[in-house]
């Protein structure tokens, strides 16, 4: 039995006692030997950055509330935790702190685990793992070698950001204004060998599978559909001539709009295209441009926003219908890694081509017009409005200036051109996807070594399974210039497993999305000899996955893809890894700053600022506590280090207790919306916790409650009991179906307020109060488990795991009302209310409504034409 000071709510004492009980009883360890229905709930695993932030707290509290609720409703619940421990931040910290990334990572895990435990999450810690340990990553190494043998993993050249000073590849976010974030060197585009997984082989299945994910937000599914980007079109061949008329390798371009083919006035190719490199050999000016374009962006987003640049190659492409020769241009908005690296340019009907043609004086031809223009302006084609109707797919279009295809609509033109090109061997129908194969190579040290050996005789050879894992050395000196494993000949040099000759290991490591793509399955069998064992099919797919919508595309796409790889390897039976997805909103907070001498801003933490607010809680002024001088108000933004507006969860737990922090994080906003951190709101939750504590102790201090006798209750007692059971019904629905935790808390608060006004000290009055207080403690248990654990004992129910106590169920008989309050309207306007017996007849209700004093006044001089009764709600008297 825990000991708690009677009338004083001491969060630290209460929470320590509850956590000791949970640890001693191994309360949240689960196995598969249960007759209960399973429920697998988890949040996206954290990166061990060193400390939790409020985004973590919100994320993990959401999943913990659902997990505890599901336990109380009779489910066998798995809620695990682990660490996404590889990645770039550890390398950056190693440089800054002059320590090995492994040492930094493991120290952070220890600290963050303690923080998570202080928040009282119902986690099965026996399943914990870190993805940087060999006993975890050996399984993805084994899977990769199997994918190599199946042809699903392959190596080819790809363009990356290269820092020539640090001699390393940079992620896009490490390139700032075209320079390396650390060295300041001008970043180059460099083509280097990279390993890829053939996610494109699964593109259609990934697309079709979205239709089965009814429990995923539509916004996430839409983003994935757009990212997969299925399109149907024609692949068309353009023969190519050099300036001397010699024939070169043909260009193949994919288009979804073959109806615009006669509008092609040039062909655009990527700077890395073989034809561009061929032309540059005899064109120094073009060679210089290609060298300049090496320093540009490599992502679609960057290419979309940068200024259009290009140059004629001197080559020409032969139009496949007209036979006309059109110039071939290098254009910086064409990606070599997308499609064929070549685009048929139709400046009359494509914005990027239009902008490029305008800049370089290239011809622009209209080949599509509206079949039925709505006004005189639409009858005339010009650059100011053609995009509006061309992109409006609901309008009927027809071809013009297109020879024998004039007058055809899109469908007719598509079929005619497809038939022609397929007959002549100049093209074919094709389904294309925007989705690209997943590049999994990273030129970094702190990651899972790619299990490949390079032999001059045998080529790239997968490491034999009996030689796995290829272990990453952890005790290294890390400077940030190059990779320690690349410069370590002892680690790098080995023998070829096929021929026994001298060979070298791959020194690239896996993209860290690899580790986070299968960890959900590993939790089901964390000590299994293989990647997973039969227990995976008991738990998978996970029932609820909680995480930010910013992961909608990359992580969640790779996550689904890797699960299908595991399915095809017969490791799991399910097609999808997760049935339901909840994407929680950001945690935002006020920002404050002062202008810096360098023209920037010095951001000041809200904890260091004294804030003035108006009656609506809006910030009206702020001064720095240290000097009493004003600071600028920056508005509310996502908590971040860059804006210095983060709040330390540990300090909040120390000040208010874990339950209060959990309560505020669930009350301040619905899960999908942004949560504005406001310490005044936390204070409000702390006051509620103290009131609840006092309510329970006051009740218990007045003596033991007798058994409830429903038949003996007075009207007032019935009303309180009805309120209790209405609250039970609402909170259960809010937890289980709606995940609307803020309204669940509000309902319990309303019940608490009603109970505070209920001063009936009779035996049955106290029995009703006992039932209400027990219900409140259980209803709040998923959110405030420590206080609920203590208050359940105070109410005389003994120390037990509340997750094993059934969640309250509303008593239907308690919800029946003896009397109803109806609104009285005259011609639709509210004029009063009446109380009627629940079994009152229509005639009785009509008479009471017309006799209601205020309604009677408005009826003077009028004739009642009819009376409309909405049962249980409204009486509307129509009079004139």
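Each residue's number is its place along the chain shown, starting with 1.
Positions of Cβ are set from backbone N, Cα and C atoms, glycine also.
Taken from Swiss-Prot, the feature motif ''HIGH' region' applies to 46-56. Outside the motif ''HIGH' region' (46-56), and at least 6 residues removed from its termini, the chain residues within Cβ reach (under 8 Å) are 83-85, 87, 89, 105, 108-109, 111-112, 115-116, 130, 548, 586-587, 639, 646-650, 665, 677.
Below 8 angstroms of C-beta separation, residues 53-55, 586-589, 603, 674, 677 of the same chain, each at least six residues beyond the ends of the motif ''KMSKS' region' (638-642), sit close to that stretch. Swiss-Prot lists 638-642 with the feature motif ''KMSKS' region'.
Per Swiss-Prot, the feature ATP binding site maps to 641. When Cβ atoms from all protein chains are considered, those within 10 Å of residue 641 (ATP binding site) total 10, not counting its own.
When the motif ''KMSKS' region' (638-642) is classified with DSSP, helix, strand and coil residues number 0 helix, 1 strand, 4 coil.
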